[in-house]
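Novice: Annotated divalent metal cation binding site per Swiss-Prot: 10, 14, in sequence order. What Swiss-Prot lists as 4-carboxyglutamate is 3, 4, 10, 14, and the listing cites experimental evidence. What Swiss-Prot lists as alanine amide is 21, and the listing cites experimental evidence. Look at Swiss-Prot and you will find 5 tagged as site 'Important for selectivity'.
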């Protein structure tokens, strides 16, 4: 659902931040 989708996007964003750090 929409909530799961938003959580998934949040997780992807966090992964990108950690990768770029």
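If you go along the chain as it appears here, the first residue is 1 and each next one adds 1.
Here the Cβ of each residue, glycine as well, is placed from N, Cα and C on the backbone.
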Novice: Report the nearest neighbour of residue 3 (4-carboxyglutamate) in space among the recorded positions 10, 14, 21, comparing Cα positions.
Specialist: 10
Novice: How would DSSP class residue 4 (4-carboxyglutamate) in three states?
Specialist: helix
Novice: What whole-number Å value do you get for the CA-CA distance of the residue listed as 'alanine amide' and residue 14 (divalent metal cation binding site)?
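Specialist: Counting only the Cα atoms, the answer is 11 Å.
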Novice: List the residues of the same chain that sit at least 6 positions away from residue 5 (site 'Important for selectivity') in sequence and have their Cβ under 8 Å from its Cβ, in sequence order, or write 'none'.
Specialist: none
Novice: What Cα-Cα separation, expressed in whole Å, is found between residue 14 (divalent metal cation binding site) and residue 4 (4-carboxyglutamate)?
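Specialist: Rounded to a whole number, the Cα-Cα distance is 15 Å.
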Novice: What are the non-local neighbours of residue 4 (4-carboxyglutamate), defined as same-chain residues 6+ apart in sequence with CB under 8 A from its CB?
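Specialist: When sequence neighbours closer than 6 are ignored, residue 4 (4-carboxyglutamate) has nothing within Cβ distance under 8 Å.
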